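J.: Pasting a structure here, questions to come.
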Amino acid sequence: MESSSVFGVRLSLKQRYFLLLCIAVGAIIFYQFTRNHPETRRMSRLEGLRANSSQFTLERKPFCILGGSIHYFRVPRAYWEDRLLKMKACGLNTLTTYVPWNLHEPERGVFNFEDHLDLEAYLRLAGSFGLWVILRPGPYICAEWDLGGLPSWLLRDQNMKLRTTYPGFTNAVNSFFNQLIKKVVPHQYSKGGPIIAVQVENEYGSYAQDKEYMPFIKEALLSRGITELLLTSDNKAGLKLGGVKGVLQTINFQKLNPDDIKYLDEIQPQKPKMVMEYWSGWFDLWGDLHHVYAAEDMIPVVTEILKLDMSINLFMFHGGTNFGFMNGAFALGMPGPKPMVTSYDYDAPLSEAGDYTTKYHLLRNLFSHYHTQPLPELPSLQERRAYHPVVIQQHLSLWDSLHFTDKPLKSERPVNMENLPVNNKNGQSYGYTLYETTITSGGVINSNNNVRDRALVFVDKHFVGVMDYKIQELALPDGKGRRTLSLLVENCGRVNYGKTLDEQRKGLVGDIELNKRLLRDFIIHSLDMKPGFVNRLETAGHWASMRQRPTFPGFFQARLYVNSFPKDTFIKLPGWIKGVIFINGKNLGRYWSIGPQQTLYVPGPWLHRGDNQVIVFEEQETDGKIQFASSPDYGMAVDVQ
């Protein structure tokens, strides 16, 4: 009996030690979890963001939104964490982002929420850093993004009326929201997620074609389970027509006009005031100058907004890049729209490549006064490298690349891009379209303003000129017999803002005349340059060495050898004219010698050790080499007016 009782004591000592060990391990795990997920120890969730008095409240305590916009679709996924941590370190407490319908539903009924489009992963990441989220799901987002984020397949319907209650539009919105909103709902504040508010459409007051439209969008959100605070967003002029009953209105501007604030107060007495888009810079257009907005002009305005007890969202906090063909265009009226450049640096506080700017440091100092705890330390910057220039090794003419495209369409008349029978009958959204027909004489070709947006014109593959909104007539050389007339038409980017959204079909949108006679019998090739096409090109056996004189337009191939951990860099092409760059199959965007932008951002995570494949599609000229820089060149600057 004695020995067994001693054994019992030993066992309980072991149990105690084991229990203590379990408690210690549990405490470490809990500490690590709460350190990485601050919202879990933040507060019990009773009442989310409310706008019932002159100040926002969160959990019934006064709350000032210090927000900033970072669009997940403009930032490589590998850098989401870096950019959000830099946002947190600047003293911001809220992330705002749009949702681009055209990327998430590239073909009708085909949805993509994976990889760099994994919105839920982005929301979870924001929440894990203790950032709240204001979600701006559209369906229209503007954003200097092609067609304001609306998918181009909507324009296959010749009677389409975008941003209205036209059934063809509302049916498509309902189908998209069925997929999108069910992913968003679990990330709302009331369910333990970071989303504290959701925006109803975007700047509808500047469009306002249909009084029933905003109530329709509001109901589309509510009926699918959105329970957080709803807001709208408009400039001063748009406030009159952009509101919807029971939804808080917010204002957008860059320069502070007391009358605008007074007006917001008058239409919404005893409600919190918010600048949903405080424009920290501006966008750039090809052929213009690079817009900057000086820090010394911006900081006093932000300071004044906060002194007025207003909430603020910096648009943009970090702009990122219009990778691929996704840039929008600015409707200037006659003679036609001007496309946005590839960079969306926006002169924002955090640069295109994630660098701190003067604005960043000044804002961090300002926002630090609105926190009781010291701000987090600044995350370290990404290293950059100017790789050695690489020499073009091979080329492939446009004409030799055509058998890697979809089967061409034979058509009596020209067919616009969106109505081509490609991509499972969803039409062509982006890139170039080649229209070819037979002519038997020279003379004057007239586009009747049906080239959208820019065409390179060839006779028997010899370049004869460019047609666009300004140049609508071109002389074709005389010649004997039947010759091939080719028009390579580029969609330079659809207008993203204004009243012309329904008119954004691309390619040849109507008849072309030669000597006042309509051209007929076209063969139409779709060149949307999607990853599959670029990969097929890479493995093609038709590439010629640079010892043979290249023909234009053409594809040019080089290898960039990286001997260490890949770093961010910038490509510059001073001896080239206009085209598109692909690295390891990823479309970096367009370059154009007319500027202002002279470099393209290459994210390090898109490179790998060893050989990296670079393919450049160039329209007119090359010096045979690709150069690199460690810092960007956005061209000659001009102050935002």
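Cβ atoms here come from the backbone N, Cα and C positions, even for glycine.
Heads up, here are the entries from TrEMBL:
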type     : residues : note
ACT_SITE : GLU203   : active site, proton donor
ACT_SITE : GLU277   : active site, nucleophile
DOMAIN   : 55-369   : domain 'Glycoside hydrolase 35 catalytic'
DOMAIN   : 427-528  : domain 'Beta-galactosidase 1-like first all-beta'
DOMAIN   : 553-612  : domain 'Beta-galactosidase galactose-binding'
TRANSMEM : 17-34    : transmembrane segment
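Structural setting of the listed features?
T.: Annotation for GLU277 (active site, nucleophile): same-chain Cβ neighbours under 8 Å, separated by at least 6 residues, are SER69, SER233, ASN252, PHE253, ASN313, PHE315.
Mean pLDDT of the predicted structure over the domain 'Glycoside hydrolase 35 catalytic' (55-369): 98.
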J.: Sorted by position, what residues of the same chain at least six away from GLU203 (active site, proton donor) have a C-beta under 8 A from it?
T.: CYS142, SER233, ASP234, ASN235, GLY238, GLY242, ASN252, TYR497
J.: List the helix, strand and coil residue totals of the domain 'Beta-galactosidase galactose-binding' (553-612) as derived from DSSP.
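T.: Here the numbers are 3 helix, 34 strand, 23 coil.
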J.: Please spell out the DSSP helix, strand and coil residue counts for the domain 'Beta-galactosidase 1-like first all-beta' (427-528).
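T.: Going by DSSP assignments, the domain 'Beta-galactosidase 1-like first all-beta' (427-528) contains 3 helix, 51 strand, 48 coil.
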